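This report concerns only the one structure given below.
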Amino acid sequence: MTRYEKKQQLGEGTYGVVCKAWDTVCNRYVALKKIKQEREDDGIPVTSVREIAVLLELKHPNVVDLYDIYLEDKFLYLVFEFCDEDLYQFMSRSSKIPINETRSIVYQILQGLAFCHYHQILHRDMKPQNILINKNGTIKLGDFGLARLTTINDRKYTSEVVTLWYRAPEILLGATQYGGAIDIWSTAAIFGELINKEELFKGRCKIDQLFKIFSQLGTPTEDIWNGVTKLPFYLSTFPKWKAKDLHTIFHTDERAVDLLQKMFIYTPEKRISAADALKHPFFDPLNKPNN
């Protein structure tokens, strides 16, 4: 790895340690991830290699670029494009984010997601810390450490995905079969956070997270969400909250509230897709050419 001069540790992601490094061949900064072994004698899991290979094919302006992969001393190194900050850092230093800037950020997130979902890849860990911003201000989806292919329709997945505050209700209720709708819910939570400058559902544990959601959006019933009572962690004793009008939660552009309503639909199959969300009137200023 003499090609890459490590400069500083940036943190630890899903995969392992992340460092800022200088690429001495291409003369640019990169983000270098060193993959953790599950056990010392395991080597690198075949599934990780296979899924990372898929990410090498994910070339899109709003998906972080994976430049290369190296194997050295039984460790796997991923070489990503370097981004200056993440959305969490951006929000932390911004007192108020104008609606036009929010529109641009969410639009780019959805463009990246639509591309991933088209290629049948779920991100499964959408949160501000995993949404990167490069020096040009372009939004990049990052950290695909929990990403999975959905090409096998009846495949069952773990429900232990997505950081708690951004976790979709179907995941919290124990669903093991799910699709891109989980990423849409997470994006809606980020969208709302950009508007209110505060996390929407700050649960301390899974049940508290459910209650935080239900107390704002209402406790789902079979009439609202067909099949909800059959999910593993659903309880008939859940408190019965009524849904609040989203206008009382978000004091912003009417079209933004309407889009949030469609992104926060409980029934996963009815939740708006990333591709359809991009066509929503909220994004008209970005979709319509200037006259």
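Numbers here mean position along the shown chain, with the first residue as 1.
Each residue, glycine too, has its Cβ placed from N, Cα and C.
Per Swiss-Prot, active site, proton acceptor is recorded for D125. With a 10 A radius on its CB, D125 (active site, proton acceptor) counts 24 other CB atoms from all the protein chains.
Swiss-Prot lists L10, G11, E12, G13, T14, Y15, G16, V17, V18, K33 with the feature ATP binding site. Listed in sequence order, the residues of the same chain lying 6 or more apart from V18 (ATP binding site) and placing their CB within less than 8 Å of its CB are Q9, L10, G11, E12, A31, L32, K33. Taken residue by residue with DSSP, V18 (ATP binding site) is part of a strand.
Per Swiss-Prot, the feature domain 'Protein kinase' maps to 4-283; the stated evidence is sequence analysis.
What Swiss-Prot records for T14 (among others) is phosphothreonine.
Taken from Swiss-Prot, the feature phosphotyrosine covers Y15, and the record attributes it to similarity to another entry.
If you look up Swiss-Prot, you'll see T158 (among others) marked as phosphothreonine.
Separation of the C-alpha atoms of D125 (active site, proton acceptor) and G16 (ATP binding site): 15 Å, rounded to the nearest whole number. The predicted model assigns the domain 'Protein kinase' (4-283) a mean pLDDT of 90. In the three-state DSSP reading, D125 (active site, proton acceptor) counts as coil.
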